[in-house]
Amino acid sequence: MSYIIKNFKAKQWFMLSIGIIASIIYVLVAGYVILIIQNFVDLISGIKQPDWLVPDPNNKLQATLRLTAVSLGLIIISFFIKVIGRIILLKQTLLAVNLLKNQIYYKVNSLSLDEFYKYPRSTLIHRLNVDYFKLEKTAINVFVYMIENVMELMVYIGFSIALSRYLSLIYLIFIPLLILLIVYGSKKTRNHYKKSYQSLDNLNQVIRENIIGIKVIRSFNLEEFQGLRYDNHHKQWVKSVLKADLTLGIMWQIISLGINIFITLSLVAAGYINKTSTSLSPGVIIAFLNYLTYTSYVVIGVCDYVLNILKTRSATQRIKSVLDLKEEIELNTAIYDEINGKISINGLNFKYEQNNFNVLNNVNLTIESKANIGVIGSIGSGKSTFCKLLAKINNAPENMIKIDDVDINKYQTKHIRQSVAIDFQKKQLFSGSIKSNILKANPDADENRLNQVLDHSCANEFIDNLDDKLEHNLIEFGNNLSGGQKARVCIARTLIRDSKIMIFDDSLTALDNITAKKVLDKILANYQDRTKIFVSQQIRTIKDLDKIIVLDQGNVVGYDTHKNLLNSCEIYKQIYDSQKKIGDEV
C-alpha cells in the first residue's frame, strides 16, 4: 500500500480530502435519518415531545408529512453526496494504482537481461496482472469503502451513546467478540481456500498438459490415463472448495446468530432500564437497535478489509521485488558518427550472472566493415550469446568488443541497437498484421522499401497468395504461419531496419535449401555496404562467405575461409564430414 500512497500527488490528496469530507457528510446524514425513525415511532406511540422537527405532535398528519419530507430530502441529498464522494475517491485511487502499474511495466521493460532472467516469464506476468489486481482491489476497498466504514462505525456508536449511555455499554462486549469470531473464521477458511488454490494449480497443470500435449496423448493412447489424472485432481479441488465454503457458511450463520442474540439482549436491557426509569421511549429503542445492527455489518466490513490488506502483503512484496530490480542504466551521452561496421573483439570472456562458467572464452577476432561472416558450432557453443553481445542485448565487459575502434559500452544503447539489427534464433512475432510486424523495426519505411525487403526475404512468395496480403492477421506468436513463413517475415523485419551491421541467428534453417539459397543470395547482392553475420547449422549455407567463425564450447577454434578451415580446423572438418552426402560435397 505504501507504493500507492507514494503515488498520490498534492492535487490527488486535495481531491481525496474532498471525497472523504463528502463521505463524512453522507455518513452523518444517513445516521441522522435513523433518528427521524425514532420520531416516527414516538409520534405514532403518542409520546412525541415538541421540537424543531415536529413543533406540534398533536397534529399527527402534519407531523407525519413533515417527517416524511425531511426523511426523503435527507435520503436524496445523502445519495448524491455519497455518489460524488465515491466517484472522487475511486477516480483518485485508480489514478494512483494505474501509475503503479505503469511503473511496474516500464521497470520490467527497462531491466537489464541479467535482472530480467532472474524470474521466469510466467512469474513476471503473474506480478504484472494477478498481484497488481489484488493490490488494486485492496486499494479501492481501503480508500473508497473502508474509510467510509470506519466513519460509519464512529458515527453509529456516537449516535448510540447519545441515545443511551447505558445501552451503549453492550458495544464493549459485542464488538470485540464479533472481531474475534471474524478473525477465527477467516483463519479457518483461509487454510481451506489455500488448499483449494493448490488443488486448482494442480488441476490447471493437468489441463495445460492435455492441451499442449494433445498430439502425444493421442499418439500413445493416453486419453484414459490423463482422464484419470484430471478426475483425481478435480475431486481434490471440489473437496477443498466444499470445505472452505461450508466453513464460511457456518461462520456467517454464527455471526448472524450472535447479532440476533445481542439484539435480544439489548431489548432485555432496555426493558430493565424502562422498569427503573422511563428514559427510553420505543423510538429510542428501535433507533438504537438499528444502530447496533448497522454497526455489526460495518465491523464485519472493516475486519474483511483489514484481513484483505494482510493477505495482500505477499502480493505487495512480490511487486516490491520487481520494482527493486536494477534497471539498464544509460551512462553514456556521447554522440558518435554513423557506424561503418567494423567489429574488433579482444580477449572476450563472458558468463551469465546465474552461471558459474564462461559461455565465451578469450575470443579474439576482427570483422572488417562490409564483410560477410558465417558462424557455426555445436549446440551450446555460444553462437547466440556471441550475437547478442554484438547487438548489446547483453552487456560485454569493457574494451572487449569495439565497433569502429570504439568500446561498444561507450555508445548509447539506442545508437547501437539502431546500428545493429539482429534476427534472433527464436522467431518472435506479435499479434496483428504481417505489415505491422515488419514495420515495428522501422515505422517510417515507405511502401517501396517494404516491397523491397519482402522481395529480398522471399516473404512475398507466400504473402501474395494470402487473401488479405500484408494485412493478414497473425495470432499470438504468429502461430498461424509455418516455421519457414515466420522466418521470412522476421528476416524482412531485420532488413527494413537498414542497419550497418546485420546479424541473422539461425535465420535460414527453417527454410528449404532452394529458398534459403535465394534469400542468402539476395541479401548478399543488395546489402553489399553492410556488415553481415550469418549463424547457421549447415555449412552449405555459409561456405561461400568471406570468413567463417567456428565455435566450440565457447572457444573460437577457427576463423578463416571454408577452404582453409577444412585443412586447419578439425572440428570444422568433422561438421563438414557429418553433413556430406556419400560421393558429394556439402
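In case you wondered, yes, glycine gets a Cβ from its N, Cα and C as well.
What TrEMBL records for 18-311 is domain 'ABC transmembrane type-1'. If you look up TrEMBL, you'll see 343-578 marked as domain 'ABC transporter'. For 12-41, 61-81, 142-163, 169-186, 250-273, 285-310, the entry in TrEMBL reads transmembrane segment.
Taken together, the residues in the domain 'ABC transporter' (343-578) have a mean pLDDT of 91 on the 0 to 100 scale. Between the transmembrane segment (169-186) and the stretches 12-41, 142-163, 250-273, 285-310, the greatest number of Cβ pairs separated by less than 8 Å involves 285-310. Long-range contacts of the transmembrane segment (250-273) within the same chain: residues 164, 166-167, 170, 174, 177-178, 181-182, 185-186, 188-189, 279-280, 285, 288-289, 292-293, 296, 300, each at least 6 residues beyond the stretch ends and with a Cβ under 8 Å from a Cβ of the stretch. For the transmembrane segment (142-163), same-chain residues at least 6 beyond its ends with a Cβ under 8 Å from one of its own Cβ atoms are 1, 16, 20, 23-24, 26-28, 30-32, 34-35, 38, 85-86, 89-90, 92-93, 171, 284, 287-288, 291-292, 294-295, 298-299, 301-302, 305-306, 309.
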